[in-house]
């Protein structure tokens, strides 16, 4: 397990650097003479027509609805594996990261709502600081290499996966638009087909892919966010075949490099470009960016630490062997790296609002995530033993 985690983190570390480059490139283009080209490129209409089916969306929405569905497929595969065989497969293992993740979602959301109380438009962004970017958080931790105990890596991985599960539930419940009955019926039929494949022990990924594509289109047309199709597909793919092989893990390993080196950087490039030219100091200090930034920087670590501490004191959970509160605290700070996940929720929360709110949300996410990453990295570096000690 330690080797698998090391391989995973080494890939995430490189991906984290690529994400930073993508964000920097997006900000550079959005604040340069190329800003018009940048916005025009993302607004390019892309049409796919097959018979009566007609999908017609700007490139930005193809990225957010299509590529991110593959990312959520990967998240679903990771969640299923951890629930059945990994760090969340027993109550003892799952209890502490579960309480930590709940606190890490509730407190940041509360801080955001405190700053945006009374404004029904901006209140829609309450879930933005509740998210943790698993790839970026693990990538920052990976920079410290072998100094980080395996138990601490597993704790962050488990916490981030539960956080992702919470985000999936939030999207399903709070960020779905008017529902189409016909599309939901088609989606339900596709889900029944996927479950039947699983129950029959079908291990070939091709049938899951065909039904999964039908499900994605139906969910896209239904008013439920299309990324949830990826999670449903993941939960239907068998973890273990009769011969001991794992179709689920095979797909997970195949998707990881695509997610790390293509999907997330492309998403970051498409969503992180915020034009700063028309923003005053008053705008930067407005409730949306401040609520998000403080929710990530302060709300995340406070929520994670508070709920973890109470759970341990009430004997509902226990600290991992060899890990103390001084190691948990900087990891709690790293959970404030919302980055791509927070930006994704922002794109849903303010989809129908003035584009300015989306820009402010992305700016708050960038500020909060960068500070959380710096605080978490240097704090953890300080409390961990030096190399060779």
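Every residue gets a Cβ built from N, Cα and C, even glycine.
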240-260, 261-281 - the one Swiss-Prot records as transmembrane segment: 261-281
Highest-contact recorded stretch vs the transmembrane segment (59-79), from 95-115, 261-281, 292-312, 328-348, 363-383, CB pairs under 8 Å: 261-281
Closest-packing stretch to the transmembrane segment (124-144), where packing means Cβ pairs under 8 Å, from 17-37, 154-174, 177-197, 213-233, 363-383: 154-174
When counting Cβ pairs under 8 Å to the transmembrane segment (154-174), the leader among 17-37, 292-312, 328-348: 328-348
Contact call for the transmembrane segment (363-383) against the transmembrane segment (292-312), three or more Cβ pairs under 8 Å: yes
Cβ contacts under 8 Å made by the transmembrane segment (261-281) with residues that lie 6+ beyond its boundaries: 14-15, 18-19, 21-23, 25-27, 29-31, 35, 38-39, 42, 59-60, 63-64, 67-68, 70-71, 135, 339-340, 343-344, 347, 359, 362-363, 366
